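Structure, as structure tokens:
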Amino acid sequence: MAVEGGMKCVKFLLYVLLLVFCACAVGLIAVGVGTHLVLNQTITHGATPSFLLPVVIIAVGAFLFLVAFVGCCGACKENYCLMITFAIFLSLIMLVEVAAAIAGYVFRDKVRSEFNKDFRQQMKNYPKDNQTASILDKMQKDFECCGAANYTDWEKILAVTNKVPDSCCVNITHNCGINFVVKDIHTEGCVEKIAAWLRKNVLVVAAAALGIAFVEILGIVLACCLVKSIRSGYEVM
């Protein structure tokens, strides 16, 4: 009876952890999508570290949600194979998370370098591509920045002194970027502003990853306890 009561407690805790996994999965997907959308606006498409990291975060979130579903089915039916699968998949997710964290740290300077290079390239396309102009204008509005390093970058692009896009203005009005006064525009560059935003979100992801890792370890332990109990039941039968 004591063993049966203990297993009921293990199953209850496992159900709680599975709900936490679902919440974490949704959070990872949201952060991954948000980061990807920001990078997608400025960095050239391709299989670069800049694009792969958000994709990995999204994939881990989606896989974690699937694993939580498998764990829920296994715990509910007390199915030995499903619980073993759950424990193995959870271990694989932890390995992927560690690999992603290492890759993010190793390629952090490369991401910034690519971001700066591609942002400047899109600035060159600003006068001749309306879609690019719209994207850069939105970024400059949202991040309250101007140019790549600072507002003077636009003088080289627009080939006109004392002129920046209207999206650089603190209070945006038509042609406010012509013959501007410095105090009336955002002077900081977008590369540093967006890099700061990414660093902030990386810290959030890192903190969340530590919490998720602890929950995953606990989930593996509880799954193993339930597997042992199920196997003991088979042996008795």
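Every residue gets a Cβ built from N, Cα and C, even glycine.
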Are K11 and A75 on the same side of the membrane in Swiss-Prot? yes
For Swiss-Prot, the entry motif 'Lysosomal targeting motif' belongs, out of 73-77, 143-147, 233-237, to 233-237
Please work out the helix, strand and coil residue numbers for the topological domain 'Extracellular' (103-202) from the DSSP assignment. 61 helix, 6 strand, 33 coil
Between N150 (N-linked glycosylation site) and N171 (N-linked glycosylation site), what C-alpha distance do you get in Å? 18
Tertiary contacts of the topological domain 'Cytoplasmic' (73-81) (same chain, 6+ residues out, Cβ under 8 Å): 11, 14-15, 18, 223, 226-227, 230-231, 233-234
What is the number of other Cβ atoms found within 10 Å of the Cβ of N150 (N-linked glycosylation site)? 16
Length of the line joining the Cα atoms of N130 (N-linked glycosylation site) and N171 (N-linked glycosylation site), in Å: 22
